């Protein structure tokens, strides 16, 4: 509370983003967690709440005759344009918000003060909702080919990896440890996905420290072990997700990529996804285009092109398709890495999984996927999403790109996903909101240190409890699109601009009628009708039985009378 | 007739070739016998369950041939944007086939067109030629207002060759005045009623440009007529679909625009909707971009942008919204014109009606709109749709004006998916038939030409075919719920999408999207089915209970 210099300002105007002439007048409040704008128009009480943790930037613009403009950009792409009449008030709000939106330590984060009306037992149960081990056993692990390795208990081998990892049965601890010493951040090759039908696996790691000529016997043995864990295949792919030039540049720093000559039976492949800095700048450029107030079609299309955003999305999807095909069609195992193996590698693993395995296209499966490839494998959420104040060069929308790849696939395969666009957008919001503990910190070790599971709530059980809002009405578990590999198109024209996310708050741009809501209402009605149908059928049955019974009685009576009369 | 058949026979150098291989999008390769008839290119595999190709020559936009040894490849590019390949062994056969197709697909003589030879294989329930008579439309108008009358001044098409014989004009103006006004408007297109907004009595009119010329000619009758459509004390808007500089330039050729000094109650607004060859160019570039196989995102986006197609869609929709806004929000009447009043004018007036009038969003209402605002209003279909995106010949009067209109309707449909009784397939169907058809509906360039060609007597109307239960079922939107409101589409670039159903139709498989549509239909059908069942059980139950008042359901 000490950061709030001014808790309340009256007579504040909130401008419509598109047409500045449209404005609402009201009171602005600052609380410890939210900025709240309450419209003072008589009648409706219209409130706009913005979490401080969602605020990306606060800018005070040059004062105008009508007041002092304050522009707030949010990480969920909401843009708020306030006009505060007094310069001093604007100044105070500006400073307060700047501080409030940039927590200096994890303890300031909203998740540690967010207390919904849930008792401790239920809170603890929330964290049991997802179980990664259950997903591995769904894949058929451990098995005779893959084992759960205790080597990273207490994060001794790699402090950014999870404690529990699956490795090839033949990989001994010395091989693993040796390999980890030859990999950036100790991120040795570990299993991400296993296809029990054909034994092909997706493994992930960081780059090897190969420099220009360095070798590591254990690392070579590690890859050999991965290859041997797929008895049906005599080679494996090693996919470096970076552009070749970047990988070559890394060699000068003693890092680099695998030399095909040193590893037996690998096929090495670059897939050319750009780094976090390129992605950050690209999204920034795209958002500038989204924010243009009344762009011409050319402004928009030129801006979209020059941002390069869709090109990057296509690169990620192309890489995912390459891997999914290798696994499903060739039955070949793949090792994926980039530099550190927590950005591009996570993207590509996840996209491949979504394409390969219908389970990851379900509500629960997608949560598991994020938990597996991102949370547990140490995607640096707090750095990438700027949860706390830090190096701006660490910020990058890598996880946004995963969601977008999935959204692009949903557009191509409308019946293939159990969840809807709203599910993706809600998850996106909470990557940044810090309301739930799931994405706090940069890896498992940090979350344990922060005692996230003891102190915060989990997003996944919240989403599950509200799953009716997030269900795709066109999804049917037995539909053909729900089965097997998704054969996605990556022709440039197959990619669309995701206005649902990037122009999320520009309601006027979205379809005015939602087919999905319409179908959901119909399905709810259908459910009621099914219930009525069975109760009516029962009632008619009962009535008929009763009627027959009555007839029988009457007959008997009449019969008796008849006999008596005789 | 027999001389005509003779004529075809002369053009067909080789009527039949065996062993022709056909490649086409999303269908297995077929080998069979290729036959050329007067109007069709037919490929028959002689296997009962393989798809055969029946292609109207008039659907062929261009053909290309090349040889690899003696194997000839003919690429047939259609007006519906489909591209198919034929492999023909033997150079002579191939050349003969290619030149025959070329000749047959470029026949200019209207009377040789297929609709004059086509005999329907279905039962006509309602003759489409009589479905949308102007006098019937006027009856609806009469029930709302008595300020307009139906004039027969153009009954022999002498006053305005591109107008229908009957037009709605202000009641107090006699035919003599109309004749004077006609001399002051391009092509004799004096202002006529396009739409009456029941909610507030405002009207939309359309016309050709006024022939003011460089010295600012005036026409008192024109001024009076236009003013007469205003309510006392009300102002109106003239929407000129041309940019101000284009309108200025038109003066040098005798055209021009209304000076506000002469029409003080009217405010003139200029919008910039592109015309003719610019639009044709745009279509050609867009289709070229869609068929680019380079797989580079930058290239695709820059070609899409450079085609300007989406810009055209946005401009037309914006202008239509403006017209609708003037009428519904400002409570003002509107006069729309460009130069001739047969292209951009009709795009604007028809789209404004889609926005304003729920009636136009029904299947019949939309047909009626196409009939009134395009066919009767004199959009020169035959000239505009003579060639499509693949044409090699220099464009003369070709322009995808109607296709752009359909694209705009599709955009509104996407934004209001429950407010239209018809679905996307209906729009695609209209696109196809405007360019090549067995029906006579889109033949000719005006009502006058259609009358001369005796189309109602000699050809079948598209509407006769469409308005049968089995076709309607395919074209009806299962999500439709009548919506009596005005529907305002968003024209933000983010809201306007590429019409995949037309432009990517042959480039990407629509299987998954079709399945989604079927799934949607299934959800709705199942609901209806249950509703019927529950209702019948309810009745049964009620009956059981009344039959035997002693019994009550537990």
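From the backbone N, Cα and C atoms, a Cβ is placed for every residue, glycine too.
All annotation found in TrEMBL is predicted automatically rather than curated by experts.
What TrEMBL lists as domain 'Myotubularin phosphatase' is A:126-502. Residues or ranges marked as substrate binding site in TrEMBL: A:275, A:276, A:338, A:339, A:340, A:341, A:342, A:343, A:344. Marked as active site, phosphocysteine intermediate by TrEMBL: A:338. The coiled coil annotation in TrEMBL covers A:512-539.
Structure coloured by features recorded in TrEMBL.
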{"residue": "A:275", "record": "substrate binding site", "Cβ contacts under 8 Å, 6 or more apart": "A:242, A:246, A:339, A:343, A:344"}
{"residue": "A:338", "record": "substrate binding site", "Cβ contacts under 8 Å, 6 or more apart": "A:206, A:207, A:240, A:241, A:242, A:273, A:344, A:345"}
{"residue": "A:340", "record": "substrate binding site", "Cβ contacts under 8 Å, 6 or more apart": "A:160, A:184, A:185, A:187, A:206, A:207"}
{"residue": "A:342", "record": "substrate binding site", "Cβ contacts under 8 Å, 6 or more apart": "A:160, A:187, A:206, A:377, A:378, A:379, A:380"}
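In this entry, A:275, A:276, A:338, A:339, A:340, A:341, A:342, A:343, A:344 make up the residues listed for substrate, with the farthest two CA atoms of the set 12 Å from each other. Counting every protein chain shown, the Cβ of residue A:344 (substrate binding site) has 29 other Cβ atoms within 10 Å. Averaged across the domain 'Myotubularin phosphatase' (A:126-502), the predicted model reaches a pLDDT of 96.
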